[in-house]
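As given in Swiss-Prot:
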{"type": "COMPBIAS", "residues": "888-898", "note": "compositional bias 'Basic and acidic residues'"}
{"type": "COMPBIAS", "residues": "899-913", "note": "compositional bias 'Acidic residues'"}
{"type": "COMPBIAS", "residues": "920-929", "note": "compositional bias 'Acidic residues'"}
{"type": "DOMAIN", "residues": "44-160", "note": "domain 'Cadherin 1'"}
{"type": "DOMAIN", "residues": "161-280", "note": "domain 'Cadherin 2'"}
{"type": "CARBOHYD", "residues": "56", "note": "N-linked glycosylation site"}
{"type": "CARBOHYD", "residues": "98", "note": "N-linked glycosylation site"}
{"type": "CARBOHYD", "residues": "342", "note": "N-linked glycosylation site"}
{"type": "CARBOHYD", "residues": "374", "note": "N-linked glycosylation site"}
{"type": "CARBOHYD", "residues": "716", "note": "N-linked glycosylation site"}
{"type": "CARBOHYD", "residues": "729", "note": "N-linked glycosylation site"}
{"type": "REGION", "residues": "887-955", "note": "region 'Disordered'"}
{"type": "SIGNAL", "residues": "1-20", "note": "signal peptide"}
């Protein structure tokens, strides 16, 4: 029956709507009718739970959004027209998918961001369509609660709170946690917003990290091994998304506070010529808050392996003795092997330092006459010695110097030897000198004798007192034994070095008591003792420790140097003052060419504390000074290397000066970069001049020794004395020695003369000079000189040619008045020969004059005949023409002929006459006459333009 009744509803509604009268009554009728039709409200669930994925618009509801209406299937009244959401600015909307079924959908108006809001709660209601299409009286359902959760998407990577982390750890400790790093994630869900893991990206580091970001060390850290570690750490969220950027963790290793010196460098480079250079400009002492009351610092420069104990001048012993002002008469018992000093030829030698090494199997005999038999009651023995513990039998004597019987007997007259690390000097007087029990053996017991280091020994004898100086310090003998004098005999004595000669009491004379060690500069000076000043100079080191600005050391600082300045002791009670004092300690090497290499450096410290049972210990500073290689000088000798002199000049009292213009120049190569920075050309070397000393120059005779019966080299002793140089002269040449400047040696060489009072059989003599610095360490080039002797029949020709020889441009012409006068004097001939020459010359003058007259007439005719032809030709303008004539070639041309030769002969005759009569014409006029006579006519005019201007040329 209900469906039958419902079919009338539209009709009734139409009738009701269609009636136009009634006004309010009609409206009320419609409501009554609608109430009869739309009896029920829509129905929905009381609550909904929805999920929406962020960045999406679909909401999945549980249960689904469906509204029911009991008025169904009545049109409009039983249909669902809308779902309404109650709330402010909610990003959701509900739409009806099917009015009849009441199915709806909840969706987002715009993308949902979980990071802004994770969940939403709001009210929703369903509305039916009312009673008709134009009805607004819709019925609504009850309010249902909708709760929506936003589902997160892992769109953000973890980020660390700090871009970098820094921590400081103490070496030698294991930490549970050095520091903690922390990362965050901006995702909203626990799954994606939480950090699940941390990881160290840097490999091979002694660190680990846990899931909470705590970093710990896996092993004990050492400050000496590595001062600082830098590691990279990353983080992962629970979705395993890594951090966008790793963070840097810097771990500084702090050393355990150890007392010691800080801020010093192990290698210190020293450039030669740098003067006094600070060794530790920034050093300071760390005491770790120790209660220090006083401090003693010992700085030691170890140079035992440089030369003979330190960097000393390497000049020869003679040069050093001269340089230090030692008395003359010193005899070198270990000279460099040479023809004159051949007794050291068989010894082992280090040529660079002239150090002789004795291996216990060799000795050297000093020839008779080198050392006088009677040394007198005053004499001095000096030597450098390096000696270690005696090998083999300890009782064996090791002889340094020995004077014993050559044959028959085995008496030792005087000797110097080492026995059981004791230095012993034996001196036995003869009966003719003393006849009483006198001191004979002097013993010194010193640790340095067997320490395998170089030491300088001086034994001063003023009998019966004998004093030993070692490294400048004085030592008296700890034991002196007496003995009777030696009985007189006629047995010759043998002086030996490195062993003692055993001439008697054996089947065959031989060496005995061999020395094991090294010796250098072994000398003896009979008749005089050396002063303390000379001894100090001879053993002085040229390198050592120094203090810059002594006045600024500060109060309370005491310091002390040893004699060689290799050890410096400083004491003080204020650490700040001690620091400043040690910062001023420097190294100095005064040699221009020091020995390159390493010098060990040690700084030891002794600390006293305030009443503490245990005081801090400060480790030694172990460093070294590297002395760099000095610039190598190049010594060059230059000057005139060939000249002629007349024989008469060689016979004169002054002789011939050999090296009037010699120059000694020392240069070094300096590398310069090209001026253009962009160029790729190699660097060029530029020679720069430098000044330094020389220690000898040898003038050697080449081609046979000098014959002392007719020739010699001479040099005034005053020239040497005023320049503090010495010289030795022999038939092989002249040797100048002594430490002096290059200019001093130049001045001395300028005065070397050669004389030959029988030059008739000699054509030329050749000489060679070679100079040295530092005992041959640097040598010059070999400068060769040839001196030719002009005999009387060669003087005229040689004079004419000699003045045309042009010296090299870097040489200065040196004119010697004595040379010119000698040449003129040599031209004088005996009176009878002069008369004959005058007569001959007169005849030649007449013949030459006639010949010249005829030649001039012939030339004049020739000029007149050819003048017309020349006018038609192009004139040759030779006003600016310069013709250079080789002065070593012949001057005769095709147009000169015999007339010119005759003119020259006439000229020479006139010169001889002028010389014999004492005429003193100038050199310039003579040269012009010699070049210009005999040229006439056109050739004469042309010769005026081609004249050789030799007014400035030396003879």
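Numbering starts at 1 and runs along the chain as displayed.
Each Cβ is built from the backbone N, Cα and C atoms, and glycine gets one as well.
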Where among the glycosylation sites 716, 729 do you find the Cβ with the fewest other Cβ atoms within 10 Å? 716
Whole-number Å value for how far residue 729 (N-linked glycosylation site) lies from residue 716 (N-linked glycosylation site) (Cα to Cα): 12
Please name which of the glycosylation sites listed here, 56, 98, 342, 374, is nearest in space to residue 729 (N-linked glycosylation site), Cα against Cα. 342
Is residue 342 (N-linked glycosylation site) helix, strand or coil when read with DSSP? helix
What DSSP gives for residue 716 (N-linked glycosylation site), in three states, is coil
Where residue 98 (N-linked glycosylation site) and residue 374 (N-linked glycosylation site) are concerned, what is their Cα separation in Å, rounded? 149
Relative to the Cβ position of residue 342 (N-linked glycosylation site), how many further Cβ atoms are located within 10 Å? 12
DSSP puts the residues of the domain 'Cadherin 1' (44-160) at 0 helix, 55 strand, 62 coil
In whole Å, how far does the CA atom of residue 342 (N-linked glycosylation site) lie from that of residue 374 (N-linked glycosylation site)? 23
List the Cα distance (Å, whole number) between residue 56 (N-linked glycosylation site) and residue 374 (N-linked glycosylation site). 126
Other Cβ atoms within 10 Å is the metric here; tell me which of the glycosylation sites 56, 98, 374 scores highest. 56
Going by DSSP, is residue 374 (N-linked glycosylation site) part of a helix, a strand, or coil? coil
DSSP says what for the domain 'Cadherin 2' (161-280): how many helix, strand, coil residues? 4 helix, 52 strand, 64 coil
